[in-house]
Amino acid sequence: MNRVLYPGTFDPITKGHGDLVERASRLFDQVVIAVAASPKKNPLFPLEQRVELAREVTKHLPNVEVVGFSTLLAHFAKEQNANVFLRGLRAVSDFEYEFQLANMNRQLAPDVESLFLTPSERYSFISSTLVREIAALGGDITKFVHPAVAQALTERFKR
């Protein structure tokens, strides 16, 4: 059985992330969205809320589960019996960092392969950082995130 781990901070999960998960759910037996605690990134939403939002966005996909983690990704992959890391590449600028990460993960978890998917063109420009910035300035984010995420961002930035 192929069990893929899609790690990220997902602060917040966007339509680009959702698209990648939907496509992965057709390619793999099981998809685990691994929501990283990432305290050094000082996330806008606490881990529990990011997990809940990811569950809401993917609840229509029966072979997808969402789990929060705060350990080393290689250790978490072993705990989850994952044999693949899935990462998205939006642009060439993402590649250098992702390439380094894949090589480090290969050293730490040699039995887990790293695979990259590019986003659908309509989502290739979306990033969680941009979505947060637009929301903070009162812009319309409904094109970029699921309604539950838009609501959470609106509530977070109420003035």
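Just so it is clear, glycine is given a Cβ too, placed from its N, Cα and C backbone atoms.
Keep in mind it's a predicted model, so treat the numbers as computed, not measured.
Per Swiss-Prot, the features are:
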type	residues	note
BINDING	T9, F10, H17, G88, L89, R90, E98, Y123, S124, F125, I126, S127, S128, T129	ATP binding site
BINDING	T9, K41, L73, R87	substrate binding site
SITE	H17	site 'Transition state stabilizer'
Span of T9, K41, L73, R87 around substrate - largest C-alpha separation, Å: 18
Winner by Cβ contact number (other Cβ atoms within 10 Å) across the binding-site residues H17, K41, R87: H17
Protein Cβ atoms within 10 Å of S124 (ATP binding site), excluding its own: 15
Pairwise Cα distance for R87 (substrate binding site)/E98 (ATP binding site) [Å, integer]: 8
For S124 (ATP binding site): DSSP state (helix, strand, coil): coil
Assigned conformation of L89 (ATP binding site) - DSSP reduced to three states: coil
Fewest Cβ neighbours within 10 Å, where candidates are the binding-site residues L73, L89, I126: L89
Most crowded position, judged by CB atoms within 10 A, among T9, S128 as binding-site residues: S128
Cα-to-Cα gap, T9 (ATP binding site) vs K41 (substrate binding site), nearest whole Å: 9
Distance [Cα-Cα, Å, rounded] between L89 (ATP binding site) and L73 (substrate binding site): 19
